[in-house]
Amino acid sequence: MPRLIWSPIKYRKFSVGDIIIFLFIGSIIYSIATLNTIYSKPTQQIYLDLSPLKLPLYAIFSLIRMIFAYIISLIFTIVYAYTAAYKKNLEKILIPLLDILQSIPVLSFLPPVFMAVISLFPGSKIGLELTSIILIFTGQVWNMVFSFYQSLISIPRDLREAAKVLKLNPWQRFWNLELPCAAIGLIWNSMMSWAGGWFFLMACEMFTLTNQNFVLPGIGSYLSFSAIEGDLTKLFYGLFTLIIVIILLDQLVWRPLIAWGQKFKIEFVQDEETYESRVLLWYRRSRIFEFIKNHIADPLKEKLNQCFVRYYTEKTLKAQNISIFPKILNIIVSSLLGLLVLRGVFGLLNLLIKLPLTTWEEILTAALLTLLRVSLAVIITLLWTLPLGVKIGMNTKLSKILQPIVQIVASIPATAIFPIIIMYLIKLPGGLNLASIILMLLGTQWYLLFNIIAGGMSIPKDLIEVSKLLKLGRKEQWKILILPSILPYLVTGGITAMGGAFNASIVSEYIEFQNKVVKIKGLGALITEASSTGNNALLAGSTITMAIMVVTINRLFWKRLFKKSEEMLS
């Protein structure tokens, strides 16, 4: 079947796509109007209405927070990854910094983010909302940055040479080469980011800081309240609502995006089975989308093209007359940033000095236990995600069937079903350790699976046909074609899975259920307890230890695989 293209018909009737858009806009307007009454009141401890009738409204609130967090994540991803890929002097700083940032658990960001935002909006729930959005952002963004960075450094050399021959300026190169090459990985990692956002939503909508509880109305806080009270009926209602939201997102957003993204595959032989989406066809027939494309998107793109062409032309002409002012400004900005970093370092050292030796021994012991659980979770995950992910990615027909199921299951917060797992495992010997590993696995396996699927989908069909003509055995096909092709995606998935597993330790080693706290010895439990009690010294020490472990693993193992993938694709 030929790929779908934008229909040239100018006069169209209102389609299903228009109805979907109107319903979405209407729900947003209603939720904003409802939130307006909430924001007008001062911040205080909130009692959450657990009536199932409130669940649709809570779902919309959570969805809006996720959308805002994702928009911020996407902008951050493009700027950060692009800078790291093309500014080699900054790459040595930005990539290790990214390793550190993605290894820091969500709750470790809570005190500084909360204090900074609340100081801007004292006595208002807007500050709590911004805090929640920023925390969701910290759970979404890192795998997107790694994916986009990996895509930029893995662009085939012949395509880069073609861009130079055509004399594309950076904007044209970004729009016509880099973004298309990164599209498939970015779409799949966006799906993973949303799944990660749902996973940490409970911690982002209901959190404790210095023994004070803060709650925002949403599906995450509803699930948290239900779990704490041990009300399995309401927990089921919350999960059912969340699954409905996830299914709608999959059908209305992700499936159309995946179908649209297939046009960016670099191949000369078209797949016999193309990835289709009826909803994408509805959107393309939509009068609203046609109006947006013809009267907003296309003129805006043309205007941006003109602006950037003019900017880079003037920049080239002025390159010979280098002013000393930019150098002075660069020195001033760098000096200010350096002073801020030094101030932060001295403040951190002041906190760490307060920790006695016995506490450091406790932190290191907890770190080793958490590392053992994380390693087991990642190894178990890799054993099943590698063959299944490649199978789904290389088989379009199978992908059509399994991708929606994977997306739905991945987006269900494991933290919501964890109380049920605890009920059955707590009585077994070592049950809490087993439960913790299971939760880590449930929270991180999708990072690997989604990236491996994206890697399998990116393998050109013509190379697969050549391998069949050469009659390569399964072992030779994996060695010569599959592993080299998916290695960049596998590395991205491995890095984010490892960091995600450490992040998941904060909810897998410290659980509130039926008004009781269930915890096991580990770094995640220390971080959660320190955040709840306001023990900033212990929080800083535990977080730094976790960051050092993750960065060390990335430097010694994943970074070498990154270089190997670059060599294979260069």
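The backbone N, Cα and C atoms fix where each Cβ goes, and this holds for glycine too.
TrEMBL lists 59-258 (among others) with the feature domain 'ABC transmembrane type-1'.
Marked as domain 'ABC transmembrane type-1' by TrEMBL: 367-557 (among others).
The transmembrane segment annotation in TrEMBL covers 20-39 (among others).
What TrEMBL lists as transmembrane segment is 59-82 (among others).
The transmembrane segment annotation in TrEMBL covers 94-121 (among others).
Annotated transmembrane segment per TrEMBL: 133-153 (among others), in sequence order.
Within the chain, the transmembrane segment (174-201) has long-range Cβ neighbours (under 8 A, six or more residues past its boundaries) at 62, 66, 69-70, 73-74, 77, 82, 106, 135-136, 139-141, 143-144, 146-148, 150-152, 154-155, 159-160, 163, 168, 218-220, 223, 242, 246, 249, 254, 257-258, 261-262, 264-266, 407, 410-415, 443, 446-447, 450-451, 453-454, 457-458, 489, 492, 496, 500, 503-504, 507. The feature transmembrane segment is assigned by TrEMBL to 174-201 (among others).
What TrEMBL records for 235-254 (among others) is transmembrane segment.
As annotated by TrEMBL, transmembrane segment applies to 328-351 (among others). Note on the transmembrane segment (328-351): residues 536-537, 540-541, 544 of its chain, located 6 or more positions outside it, place their CB under 8 angstroms from a CB of the stretch.
The transmembrane segment annotation in TrEMBL covers 363-384 (among others).
What TrEMBL records for 405-426 (among others) is transmembrane segment.
Under the heading transmembrane segment, TrEMBL lists 432-459 (among others).
Summarising the annotation, TrEMBL assigns transmembrane segment to 480-502 (among others).
The transmembrane segment annotation in TrEMBL covers 537-558 (among others).
If you look at the transmembrane segment (480-502) against the transmembrane segment (235-254), you find fewer than three C-beta pairs under 8 angstroms, all six or more positions apart, and that falls short of contact.
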